[in-house]
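Enquirer: First, the structure itself, so that you have it in front of you.
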Amino acid sequence: MVFFKDLFIFKSLIKGSLYSGHMKKKLLNYLPLFALMLFTVSMMAQTAPDEDTNSSIACPSSGVFQNNTTRDVDIANPDNVGTVDDRTCYADYYETSVYGETWGAYNITFNSNHWDAPNTLQPRIERSLSRSQETGVGSYARFTGTLRILEVGNTGTFGSTGSYLMQAKGKHTGGGGSNDPAICLYLARPVYGPDANGNQVQVSFDIWREQINFRGGSGAAGRTEVFLRNVLKDEIIDIELEVGFRQDPNDPNLKIHYSDAIIGGQVFNWNIPEPERGRESGIRYGVYRVKGGRAQMRWANTTYQKVEVVDNSTIPAADIYRIKNVETGEYLTSSGSSIIASTSGTGSDKEWEIISAGSGSSYVNIDSQVRGIIRFTGGSSNPGLVSTNFSPPNTDTDKVWTVIDNNDGTVSFETRNLGRFLYHDTNNMITHSANIDDRSKWNLESTTLSVDSQQIASVGVYPNPTVDGFTISLDNISAEKVQIFNLLGMLVYEQKTNESSIHIDNMDNFDSGMYIISVTANDNKVYQTKLIVN
């Protein structure tokens, strides 16, 4: 902190009572020398008053920090907000009092993760914060705090050097990546300079944003690093990170999923790719990753706030289906790269989204909740299906399907416009075939519709199927809004109401096919049922 003290004295000389024309002239004469002195002092490493200077980075042989039964290892009434995730046997979270503040201390060392199998994942002491689990415009998670970086990991290789200070988190639809993927991580890499004895030590840190290129992205192909700024060792830095959803200024019908950071007064905003796939917004902070040496960071003045706004622009979760074959009663299932049939409809590997293949496209992608979209291969001689890692929307000609409504409550999926259909064959293989029978027909079971039959029973529609019009009855629901969506999730009807029933006789927006009626109540609960238009 010598640098900041000297800078304060210099400013006092310029602005204080000693300031005069004569003094100004003398100061200007010495300014280059003084500036050099400041630069030299600033780059000369100072040991922070609460820095861990232990020469050993090994976990204590006593096992005092092993904590084999829990990762939530905390002190009573911690000053820092959030729940601890402690995966290091080197140290536990503790607090120090320096510079007039209470600081949470986060220290980890190379090979100190004893939890994850061991050392398959990097050591960390982080704090997790409850996530904003809605995706409507105005939903966000916001963290603020004050940070001092004292040391970060170093391997001598650029890519593996550095430690993370915070990260934006958030799950997404359509599969791909880990079960709890990072959206972007904020990484500190060391800059070296001399200490008082001339030894090369960490004197400052370059801050980088490691951002995904696509949902679930990891590694060199899946992420990009962007340099943000440099901060000095032990410099007191104000931090703000907000992750959430805002309206796209270029299209009011679209939204942006963002991760906006302010680091030491400098703004670094970033829009997350594939915002329509985002399901939540979360934040973790502390210290994470050390592939060589030790990492230690100090956090103070931490706060957290979240806002959750329901997204009513599309069917809430109703566009996630179990796809059941009419002939066999078995469910379409993603099993690794294969598509198989299962007698059970339980599990996310039987859950699918039917998503438009692109703006203006009449085709759809069939997207697994645990993997990616279905690709069809071969023709009549060697037909096959592959569960890919590709995400929707995708217009590749071997990954697009036409949804055909059979006007009996079932649908068929045609491979593009090739006259071949998703098919459960007699050999129990899921394939595509030119045969048109009940093995090419499928029931779409909405995961929302099948969860709570008591909710569904309170929404009625008659006549159903219909041709000329229909009535929606709302039994025991204090309704606020009625919406009707087609199978692609497009809104075709919306009406605010406080009545117990609605009659619709204008069918101009209703082509033949299946629809989902979604009723939002005053308490924000959503009730849904199916409608078939002939």
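Backbone N, Cα and C atoms are what each Cβ position is placed from, and that goes for glycine too.
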Enquirer: Which one, Cys89, Cys184, is listed by Swiss-Prot as the other cysteine in the disulfide with Cys59?
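Expert: Answer per Swiss-Prot: Cys89.
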Enquirer: According to Swiss-Prot, Ser218, Gly219, Ala220, Ala221, Gly222, Arg223, Tyr288, Arg289, Val290, Lys291 bind substrate; which one of Tyr106, Tyr140, Tyr164, Tyr363 is listed for that same site?
Expert: Tyr164
Enquirer: Taking only the Cα atoms, work out how far Gln167 (site 'Neutralizes the sugar carboxylate group at subsite +1') lies from Tyr288 (active site, proton donor/acceptor), in Å, as a whole number.
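Expert: Pair distance, Cα basis, whole Å: 9 Å.
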Enquirer: Measuring CA to CA, name the entry from the recorded positions Cys59, Tyr164, Arg223, Arg289 that ends up nearest Ala91 (Ca(2+) binding site).
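Expert: Going through Cys59, Tyr164, Arg223, Arg289 one by one, the closest to Ala91 (Ca(2+) binding site) is Cys59.
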Enquirer: Count the other Cβ atoms sitting within 10 Å of the Cβ of Asn68 (Ca(2+) binding site), across every protein chain shown.
Expert: 9
Enquirer: Between C-alpha atoms, which of these binding-site residues comes nearest to Arg289 (substrate binding site): Gly63, Thr88, Asp92?
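Expert: Result for Arg289 (substrate binding site): the nearest of the binding-site residues is Thr88.
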Enquirer: How big is the Cα-to-Cα gap, in Å, between Asp86 (Ca(2+) binding site) and Tyr288 (active site, proton donor/acceptor)?
Expert: 10
Enquirer: Can you tell which of the disulfide-bonded residues (Cys59, Cys89) has the fewest other C-beta atoms within 10 angstroms of its C-beta?
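Expert: Sparsest of the disulfide-bonded residues Cys59, Cys89 by Cβ contacts within 10 Å: Cys59.
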